[in-house]
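These features come from Swiss-Prot:
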- Gly19, Arg20, Thr21, Asn22, Val23, Gly24, Lys25, Ser26, Asp66, Thr67, Pro68, Gly69, Ile70: GTP binding site (BINDING)
- 11-174: domain 'Era-type G' (DOMAIN)
- 205-273: domain 'KH type-2' (DOMAIN)
Amino acid sequence: MDPDDAPPIRRSGFVAVIGRTNVGKSSLVNALAGERATIVSRHPNTTRRSVRVISRVGDAELVLVDTPGIAAAHDELSARLRRWVDDEWDGADRALLVVDAERGVGARERELASRLKPSDVAVVARIDRVRRARTLAVLAELAQVPLAEYFVASVRTGEGIEELRSYLASSLPEGPALYEAGVALDLPRATYVAEVVREEFLHHLRDELPQALACQVESWSDDGVEVVVYVERPSQRAIVLGHEGRVLAAVRRQAQRRLRAYPPLTLRVKVQRDWRRSARMLDELGL
């Protein structure tokens, strides 16, 4: 629908999407928004910053806040991620707790559920991976927490996605649009480019060093965008480069394909020892 033809916004608000690490929050946000807005991989803690995805649903402006997964803090980075989640959660109109149907309700889910308000919502996700009886058992355990509504959903099959989207939109408070028409992602362009590059590395490197890698745009002009890829050890630099630079080249090609509206990319790998424990480095990276 052309933004000029859309009905005026009558409801608007923020929904903080929360859950433990690696339960499919980012995939769910993308499905609810109807587009690939946040980075997704099978690695825990793929999301390292809160990403606001704006979706128009009828006369409602639904802002989905994809938050980092909740895990025990073991370095400065993970401690900061936890504080970000708390801040986004406190500032949202609603919270949506995501529970993996395979994992079920564990200690982490019970901890998060204890903080939910009666107006919040829970969803059992990835239901395509388990039998229906398992889904119902997880749902029954969640229902012990008094919430506004409970859902089941599968990003792969699409089951439950439209129902959840419609409910979240209808539950928003009355209010005007929070963003200009056509804005789909509240994220600086340099941050978006760095996140796309990082996602491509996650896909290429699989289990080798996902948590030790960070990306940052160092310079931007009409002639090109330079992205610095940080690792913590010289041995990791060799992995990121690949034999004869093939991994780095493949990542650059794939990222450029997704970012074809942007200037040409240049990737440079730099060793920054223990950057996840350095407050100064995390500040520089905007984390």
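Every residue number used here counts from 1 along the chain in the order it is shown.
Cβ atoms are placed via backbone N, Cα and C, with glycine included.
Keep in mind the model is a prediction, meaning the values are calculated, not measured.
Locations of recorded Swiss-Prot features on the structure.
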residue : record           : DSSP class
Gly19   : GTP binding site : coil
Lys25   : GTP binding site : helix
Asp66   : GTP binding site : strand
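Across the domain 'KH type-2' (205-273), DSSP classifies residues as 28 helix, 23 strand, 18 coil. Here the binding-site residues are Val23, Ile70, and the one ringed by the most other CB atoms within 10 angstroms is Val23. The number of other CB atoms found within 10 A of the CB of Asp66 (GTP binding site), across every protein chain shown, is 26.
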